[in-house]
Amino acid sequence: MVLSPADKTNVKTAWGKVGGHGGEYGAEALERMFLSFPTTKTYFPHFDLSHGSAQVKGHGKKVADALTLAAAHVDDMPSALSALSDLHAHKLRVDPVNFKLLSHCLLVTLAAHHPAEFTPAVHASLDKFLASVSTVLTSKYR
C-alpha cells in the first residue's frame, strides 16, 4: 500500500506522540489482542500472559521498537524490516492474519490514549502504515 506524503506526515507525527510510551502501548495492544482474539495466544505458549506480565511488556516494547524503525524508514520499510520479516516467516511462522489483528488493537490503543489527535485522517494514515508493515513482514512467506 502506497503512503501519500500526507500519510507519511501523519504517521511520523502520530508515532512521535507515542514517545516513551511505546513499550506500554505495545503491551496494552498485545493484551487487547490476547483478550479479543484468544487464538493468538498459541504463538506465546512460554509467556506469562497475565495483565502486567514482564514478558508481555518486553514483547510490547519489541513491537513498538519495530514500528518506530518502520516509521523512521517509511520510504524503505522492506530493507529496514528485512531481518524481522525473515524471523516471522522462517522461524516463528506467524499466521499473517495475526498482523491484522494486532494492527487493529494498536489502533484502538492509540485512539484511547490520544483521542484528540486521532482524527479520521490520522486513523486512515496509521491504518495504511500498519497494513504496509504487515505486508513487509509477510513478504518472505513464499
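Every residue, even glycine, has its Cβ placed from backbone N, Cα and C.
Under the heading domain 'Globin', Swiss-Prot lists 2-142. Look at Swiss-Prot and you will find T9, T109, T135, T138 tagged as phosphothreonine. Annotated N6-succinyllysine per Swiss-Prot: K12, K17, K41 (among others), in sequence order, evidence recorded as similarity to another entry. Residues or ranges marked as N6-acetyllysine by Swiss-Prot on the basis of similarity to another entry: K17. The annotation phosphoserine is assigned in Swiss-Prot to S36, S125, S132, S139 (among others) on the grounds of similarity to another entry. Sequence annotations record features per position, and here Swiss-Prot assigns O2 binding site to H59 based on sequence analysis. The heme b binding site feature in Swiss-Prot is assigned to H88; the stated evidence is sequence analysis.
Per-class residue totals from DSSP over the domain 'Globin' (2-142), listed helix then strand then coil: 110 helix, 0 strand, 31 coil. The two recorded residues, T109 (phosphothreonine) and K17 (N6-succinyllysine), have Cα atoms 13 Å apart. Restricting the modified residues T9, T135, T138 to those with a CA within 10 Å of the CA of H88 (heme b binding site) leaves T138, listed by sequence position. Least crowded of the modified residues (S36, S139), judged by neighbouring Cβ atoms within 10 Å of its own Cβ: S36. Taking only the Cα positions, the spacing between S132 (phosphoserine) and K17 (N6-succinyllysine) is 20 angstrom. Comparing Cβ neighbour counts within 10 Å across the recorded positions K17, H88, the minimum falls on K17. Comparing Cα positions, K41 (N6-succinyllysine) lies closest to H59 out of the recorded positions K12, K17, H59, S125, T135. Taking H59, S125, T135, T138, S139 as the recorded positions under consideration, the smallest Cα distance to K17 (N6-succinyllysine) is found for S125.
Here the Cα atom of the residue listed as 'O2 binding site' is found 24 Å from that of S125 (phosphoserine). Taking CA atoms as the reference points, S125 (phosphoserine) and K12 (N6-succinyllysine) are 10 Å apart.
Between the modified residues T9, S125, T135, T138, S125 has the most other Cβ atoms inside 10 Å of its own Cβ, all protein chains included.
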